[in-house]
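Following: one structure in structure tokens, then a few remarks.
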């Protein structure tokens with residue numbers, strides 16, 4: 001529902017049964033926007049301000065007082081000021097005793113200070129109950145009412161009751177509070193709005209690295225080789241031909257890397273004979289970014305599909321076709337239809353289309369709203385069964401594409417194999433390992449281990465601390 | 001927000017104003033994971049355990065006691081044990097009197113026992129208030145914090161207050177409780193995590209059945225016929241040509257079946273002269289799976305689009321084009337441009353693209369997060385108006401594709417018509433019926449009936465029970 | 001979870017600790033459906049009815065009494081009757097004193113009455129606490145349990161406590177209450193279900209207007225010109241060729257219009273030297289519909305992509321290719337490969353594919369569930385950085401497509417330039433202005449202004465009222 005001007009009148013002064021007064025320290029953008037929103041939701045608001053210079057911008061329903069006076073009027077005080085100015089609170093310590101102080105501040109850099117702003121505030125005013133909240137919401141979003149980015153408000157604090165009071169306000173403003181535990185979580189909450197796709201970094205850098213490597217590989221094999229030996233200028237291959245070789249290769253390798261850690265984890269569990277030991281750190285991290293890896297792979301597959309479909313429109317392809325037909329016509333020569341080629345060509349295209357179809361399906365089910373509406377068994381079915389089907393189809397697509405060329409010496413220029421051969425290594429390893437793991441003898445033991453059975457129960461004692469950590 | 005190791009310290013022991021103690025019976029995976037999560041959210045946790053063997057894996061902030069001792073410490077007891085072991089509770093009946101028992105158990109099969117686990121528990125411990133909850137959440141999801149599959153926790157129970165207490169805990173853990181009514185709903189809640197896309201079964205089996213039928217139909221018409229009469233091997237048609245005939249046909253039939261039940265329902269209502277009588281069971285079920293039917297149809301349309309776009313890349317198509325051009329060039333023969341063919345070819349392609357475009361639009365609006373952000377009128381507009389537009393465009397696409405071939409005898413091999421003709425039956429029936437229904441005289445009466453008017457009010461008396469049932 | 005017949009029994013009569021009784025005035029479809037749903041969630045329900053004629057359809061767990069008797073049994077009374085019949089409440093004024101009256105009514109037209117139904121109700125029964133709620137939910141959605149359209153229930157009212165009571169019921173029914181402030185918001189809430197994509201109107205009408213203009217433009221340039229001067233019938237261009245010229249042009253112009261208001265806003269802020277003054281109305285409205293403009297542009301880009309990919313399948317294109325090759329073969333003439341053309345053709349196709357890829361990415365991140373799961377910085381990064389990248393790629397795609405033809409006189413028929421030249425105006429203006437704005441001297445000042453700095457602080461006083469309005 002769009003907030004239009006009629007809403008300003010909705011802040012009727014005659015509302016009975018008012019909610020409890022909230023005090024806001026600071027009359028900057030965020031303080032004012034939050035105050036306005038609270039007034040709209042029925043909270044009486046008092047601003048505590050150093051000066052009265054900017055007071056004309058403050059919502060007229062709110063009172064503006066000195067810090068000390070304002071603090072006395074409310075049980076909850078929202079600190080809409082920057083960490084550098086927290087010092088002025090020290091003289092107010094007595095007035096703030098027992099009050100709920102809500103730290104809404106953000107920093108400019110991740111881990112800018114040794115302790116979080118909220119913990120620093122708790123040290124400055126030891127008698128107050130400090131709650132961290134609202135830092136993920138922007139003043140602009142509060143004002144415009146278009147909370148597109150996020151309705152989630154992370155809340156943490158040591159005092160349960162204070163936290164509950166703040167979470168009630170969050171809910172009343174139409175936002176969703178998420179309890180993150182004690183004040184020690186504040187550091188993480190303060191870092192959150194500064195993050196830029198932290199889970200995507202590894203998949204994106206990996207894919208860019210692979211892209212760069214294969215780009216130079218293809219440059220040497222396809223452009224420089226042709227220039228050196230055949231004196232032909234194929235530099236325009238850089239626009240479509242080479243990207244269309246790189247994209248499927250990177251997509252297939254990334255898709256293989258999505259399923260490799262699961263297979264490795266199963267091997268580790270089988271070898272150890274227990275599931276109650278933590279995986280090595282790299283394996284843990286790898287498993288956590290599988291979804292992102294898969295979506296980056298899908299992006300490359302998407303590009304590959306459109307680069308392939310555009311082929312017949314390209315000038316080079318049209319010229320080559322025309323040239324070949326004319327020279328054949330002039331030489332009075334026709335090729336008979338080769339049934340094997342018909343089969344190979346149609347099969348690899350069909351496998352590719354089916355692989356892309358299931359890949360898109362996987363991508364759709366990883367949308368938050370879709371994955372929220374399926375149960376656990378359904379989610380596992382799609383991500384595991386359909387995922388392996390996609391991997392098999394895409395690997396088969398590449399194998400059939402290679403066809404008879406794997407052994408042909410002309411595919412090896414300067415002893416460099418064609419890059420689609422390199423792309424097959426990872427997915428083939430995954431598929432072979434997975435095939436071995438579904439042998440009844442191994443599969444049965446793995447199922448037992450995953451249900452809690454231990455080959456060597458003494459491990460559980462020594463791994464206590466490790467489990468506790470990984471269980472969080 | 002990713003839960004990293006800093007969170008473990010967030011379980012600060014110095015949190016004041018603690019929440020009420022929760023007792024967990026059972027120290028298996030799920031009990032431990034739930035306990036850990038609760039401690040993190042500020043609940044003191046006591047484990048009740050038969051033995052102390054596995055105690056080393058239990059979060060160190062929790063106490064482990066005997067069942068009887070643990071139960072006495074808390075008002076809420078979570079039963080993280082399997083149904084087979086519920087017997088041990090009988091001697092504890094006195095201690096459990098008045099306590100809230102939360103049944104979190106799941107079965108291995110749908111309807112495994114005559115009564116639900118929660119009802120069985122309520123029979124065993126008649127003095128306790130049994131609430132069913134948490135069974136849709138997995139231990140792994142609780143541990144890893146990645147609640148991708150679902151944040152929804154179904155809750156049911158006969159005691160309102162007990163249910164409210166459990167729902168508060170659910171909310172405190174960052175999950176979304178959904179009240180499902182009294183304990184009689186437990187059976188359904190226990191079956192829920194065992195379901196595998198129940199609403200998708202009919203659409204998928206129907207589409208697979210249609211696919212199989214049309215596959216053999218095409219095999220006979222296109223491959224075997226050519227082999228018998230023309231001695232040509234078109235077996236490679238199995239990869240792309242035949243799938244690309246089946247996909248559009250199945251998509252169009254399924255799309256027709258999405259709109260057929262709505263039309264039938266209108267006819268039933270017009271005939272009966274009232275909306276206060278339940279539809280036949282099959283019609284009810286059919287109407288409930290329209291969304292799934294439509295999405296399966298979209299999947300087939302997607303495959304059809306990519307099978308069609310890939311056509312010029314196929315070896316067979318390139319060879320045929322080349323062969324035709326060369327033979328024409330050698331015979332010194334050129335065809336003049338046929339304007340009618342230009343129109344027919346461009347029209348059916350344009351209709352297909354527009355149909356696919358609106359079909360994708362329908363698919364996007366059926367995503368849960370999109371359909372949640374539109375109002376009722378907008379949802380109806382998209383699903384009904386745009387839906388019929390899609391059906392009309394796709395039917396017209398097929399009709400124009402057929403073009404002049406409908407009457408040509410060469411389209412009938414072994415008296416079998418081309419399959420696109422078969423695909424037109426259902427959508428044409430739907431469109432004709434819909435066209436009749438929007439005639440003013442019928443439309444006006446239908447609107448009246450849907451607003452509650454009854455031609456024959458005596459029906460309402462006898463249909464009382466039926467309505468009550470269907471209204472649920 | 002599907003609601004099946006087992007649920008009807010879940011309305012067990014033996015539930016202890018019942019919730020508070022709710023009274024419903026009116027036994028129409030909506031009253032009955034709401035009553036049924038409430039009984040299911042554990043609320044005892046009393047119906048207040050004028051007559052007993054339709055009583056047989058009422059859920060049998062509910063009592064049906066006269067209005068006066070029913071009202072006395074409950075603290076909350078839901079008005080499931082139409083505004084025209086509110087008069088009968090006047091004699092009941094004494095009984096309704098202090099009760100919570102929930103207005104659930106909707107009108108047939110936007111702003112049908114001078115005051116909202118809820119305000120009218122509050123005037124009729126001055127002693128009652130009127131709350132507006134439930135009007136966005138349909139009887140059918142309540143009955144079928146498939147709340148596909150929306151789970152959001154807008155709630156407003158002057159009495160905080162009454163509003164809280166209603167919001168608790170909303171939550172208990174599994175719906176999401178959204179507090180919209182005092183009863184003055186009721187008008188807007190009543191208009192909401194009658195709206196049909198209000199934010200989409202401007203973008204869609206604009207794009208249809210542009211489409212119509214460019215259609216006639218192309219008709220004149222491509223069909224009529226050819227007919228007049230070359231006597232060729234290119235009328236079949238209307239199906240694909242002309243739409244495929246219009247779509248990219250409209251898409252590019254709309255994409256430019258998405259980024260133009262942001263650039264204009266920056267210029268306005270730089271000129272005024274403050275951010276504390278409201279933008280002109282048209283700029284405000286334009287900025288609010290940028291997302292919709294972008295998605296309409298994406299729809300046109302989607303059509304352009306598929307119209308382009310289908311090119312080689314078209315009869316006209318195949319005939320032209322064939323004709324050209326045959327005439328070349330007969331004339332014994334071959335063209336040498338033109339490297340520049342190879343580069344130009346491949347570059348513009350590659351730029352187009354990359355532009356479309358990033359455009360689709362932007363579209364995916366604007367899905368509500370995706371944009372809800374990123375933080376503010378990430379959302380800005382995608383919508384701003386990736387958005388400009390898309391605009392640059394698409395503009396470059398068009399520029400390279402034009403290539404050497406910009407200066408060729410043959411592109412100007414009847415002095416009309418080709419339409420892709422017209423499409424470049426808006427995006428080029430945006431890109432040039434943006435390029436100027438990121439010059440360090442301007443960028444630094446703009447950043448300061450956006451952080452609250454004012455060149456001329458006296459403005460803040462006089463613009464007080466304006467800010468208050470725009471902040472809502």
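We number each residue from 1, going along the chain as drawn.
Here the Cβ of each residue, glycine as well, is placed from N, Cα and C on the backbone.
TrEMBL does not curate its annotations; it predicts them automatically.
Mean model confidence of the domain 'Pyrroline-5-carboxylate reductase catalytic N-terminal' (A:21-107) amounts to 85 (pLDDT, 0 to 100 scale). Per TrEMBL, domain 'Pyrroline-5-carboxylate reductase catalytic N-terminal' is recorded for A:21-107.
The transmembrane segment annotation in TrEMBL covers A:204-229 (among others).
The feature transmembrane segment is assigned by TrEMBL to A:249-272 (among others). Beyond the ends of the transmembrane segment (A:249-272), by six or more residues, the same chain brings 203, 206-207, 210-211, 214, 279-280, 283, 286-287, 290, 293-294, 296-298, 300-301, 304, 359, 387-388, 390-391, 394-395, 398, 419-420, 422-424, 426-427, 429-430, 433-434, 437, 442, 445-446, 449-450, 455, 459 to within a C-beta distance below 8 angstroms of the stretch.
According to TrEMBL, the feature domain 'Ferric oxidoreductase' maps to A:249-394.
Residues or ranges marked as transmembrane segment by TrEMBL: A:293-317 (among others). Within its own chain, the transmembrane segment (A:293-317) is flanked in space by residues 200, 203-204, 206-207, 236, 240, 243-244, 247-248, 250-252, 254-255, 257-258, 352, 355-356, 359-360, 362-363, 366, 387, 394, which lie at least six positions past its ends and keep a Cβ under 8 Å from the stretch.
Proximity of distant same-chain residues to the transmembrane segment (A:347-365), defined by a Cβ-Cβ separation under 8 Å and at least 6 residues beyond the stretch ends, is recorded for 255, 294-295, 297-298, 301, 305, 308, 371, 374, 379, 382-383, 386-387, 389-390, 393-394, 396-397, 400-401, 403. Marked as transmembrane segment by TrEMBL: A:347-365 (among others).
Marked as transmembrane segment by TrEMBL: A:386-407 (among others).
If you look up TrEMBL, you'll see A:419-442 (among others) marked as transmembrane segment.
Listed as Cβ neighbours of the transmembrane segment (A:386-407) (distance under 8 Å, sequence separation of 6 or more from its ends, same chain) are residues 248, 251-252, 255-256, 258-259, 294, 301, 344, 347-348, 351-352, 354-355, 358-359, 361-362, 418, 420-421, 423-424, 427-428, 430-431, 434. Counting residue by residue with DSSP, the domain 'Ferric oxidoreductase' (A:249-394) contains 121 helix, 0 strand, 25 coil.
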